[in-house]
Amino acid sequence: MGIHGLAKLIADVAPSAIRENDIKSYFGRKVAIDASMSIYQFLIAVRQGAEVLQNEEGETTSHLMGMFYRTIRMVENGIKPVYVFDGKPPQLKSGELAKRTERRSEAEKHLQEAQEAGEEANIEKFSKRLVKVTQQHTDECKKLLMLMGIPYVEAPGEAEASCATLVKAGKVYAAATEDMDCLTFGSPVLMRHLTASEAKKLPIQEFHLNRVLQDLGLTWEQFVDLCILLGCDYCESIRGIGPKRAVELIKQHKTIEEIIQHIDTKKYPLPENWLHKEAQKLFLEPDVINPDDVELKWTEPNEEELVQFMCGEKQFNEERIRNGVKRLSKSRQGSTQGRLDDFFKVTGSITSAKRKEPETKGSAKKKAKTNSATAKFKKGK
């Protein structure tokens, strides 16, 4: 879910924080991409009618086609993508995950009814609501990225939080995800619609946290409290308090704790066992990768192993895959003359750490610690 209604609220009260750009304007930029969100989008969008793409064995392949071609499109436009995969979800998210399971169960019932009635539109709608990213989808996308020469990292917790950390440390220009809580985790720049279908013709939206805070007149900590009031994945919100009222209350009382002391709790009853303090801590001090240990490398695609995996195992058309590899190699050669501040260094390993501010610009350039083993990006053989 992310943060309920945050994008609209920013558009209404802090419109100067949003910029719209064409994908070509990001030539030479490194971008950290929320991998799970991208895979979810591919499973929904890359379809034949209501059905996901499958090979002859009945294995889903929509995620691989989406990841392959959308990544090539980014590279052709000079973007250097870095995919960030989710780790273990925080305990606070268990309630939200349970709700999602319940919604999928409800969608399954509606799908069965639609199939019995032959309602094609509803069949497609409810089929998409059943989509869930599995470990197999994730593992296959990691293998694909490795063979394409595209770096990825594995976050210890929420991918959005580690994406935000990479932006704050200067490792990448922006975090790309549809989840607005990446701003709540402190990402200076958030990009939406980067991995959207080209056919949708959606401009890429940039949200700039410093302008959001400036226009709202809030500190980051107050912004976190505002996001909790709007509704997040980690705790309930106060029923009856909408976005504009939430902004007014934060501006007037500064903290959720003070708001609780002053609002009429009969009119605005607090959630039972409200875990707002735990949610605050999770946003302000999430479990993230240590940016000092992150070194990224963009390498040549391994054409033969890509063909073996995508065509031999997953039964994609060999000519199309080879053409895709040629496009990728050609684009990589053309993008070496990018922005001066944007070049991938040697590969390294990633360690889990609580988020911390980089002490100096130089600290983000330290060599990767080879004894860290949480996650690694490896070059294809």
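Including glycine, each Cβ sits where the backbone N, Cα and C put it.
Small disclaimer: the values here were computed from a predicted structure and weren't measured.
Feature annotations, courtesy of Swiss-Prot:
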type: REGION; residues: 1-104; note: region 'N-domain'
type: BINDING; residues: Asp34, Asp86, Glu158, Glu160; note: Mg(2+) 1 binding site
type: BINDING; residues: Arg47, Arg70, Glu158, Gly231, Asp233; note: DNA binding site
type: REGION; residues: 96-118; note: region 'Disordered'
type: COMPBIAS; residues: 96-113; note: compositional bias 'Basic and acidic residues'
type: REGION; residues: 122-253; note: region 'I-domain'
type: BINDING; residues: Asp179, Asp181, Asp233; note: Mg(2+) 2 binding site
type: REGION; residues: 336-344; note: region 'Interaction with PCNA'
type: REGION; residues: 351-381; note: region 'Disordered'
Point to revise | Helix, strand and coil residues within the region 'I-domain' (122-253) as assigned by DSSP | key: 69 helix, 15 strand, 48 coil
Review point. Over the region 'Interaction with PCNA' (336-344), what is the model's average pLDDT?
Key: 50
Check your understanding: Considering only the binding-site residues Arg70, Gly231, Asp233, which residue has the minimal Cα-Cα separation from Asp34 (Mg(2+) 1 binding site)?
Key -> Arg70
Review point. In the same chain, outside Asp34, Asp86, Glu158, Glu160, whose C-beta lies within 8 angstroms of the Cβ mean position for the Mg(2+) 1 site?
Key: Ser36, Met37, Val84, Ala155, Gly157, Ala159, Ala161, Ser162, Cys163, Thr177, Asp179, Cys182
Exercise for review: For Glu158 (Mg(2+) 1 binding site) and Asp233 (DNA binding site), determine the Cα separation and express it in whole Å.
Suggested key: 11
Exercise for review: Tell me the Cβ neighbour count for Asp233 (DNA binding site), meaning other Cβ atoms within 10 Å of its Cβ, over all protein chains shown.
Suggested key: 22
Point to revise | Surrounding CB atoms that lie within 10 Å of the CB of Arg70 (DNA binding site), all protein chains | key: 22
Review point. Can you name the binding-site residues among Arg70, Asp86, Glu160 whose CA is within 10 A of the CA of Asp179 (Mg(2+) 2 binding site)?
Key: Glu160
Practice item. Can you check which residues sit near Asp86 (Mg(2+) 1 binding site), meaning Cβ under 8 Å from its Cβ, same chain, 6 or more apart in sequence, and list them in order? Key: Ala35, Ser36, Ala155, Gly157, Glu158, Ala159
Revision key, fill the gap. Reading the DSSP string in three states, the entry for Asp86 (Mg(2+) 1 binding site) is coil
Review point. Taking the Cβ of Glu158 (Mg(2+) 1 binding site) as centre, how many other Cβ atoms lie within 10 Å?
Key: 29
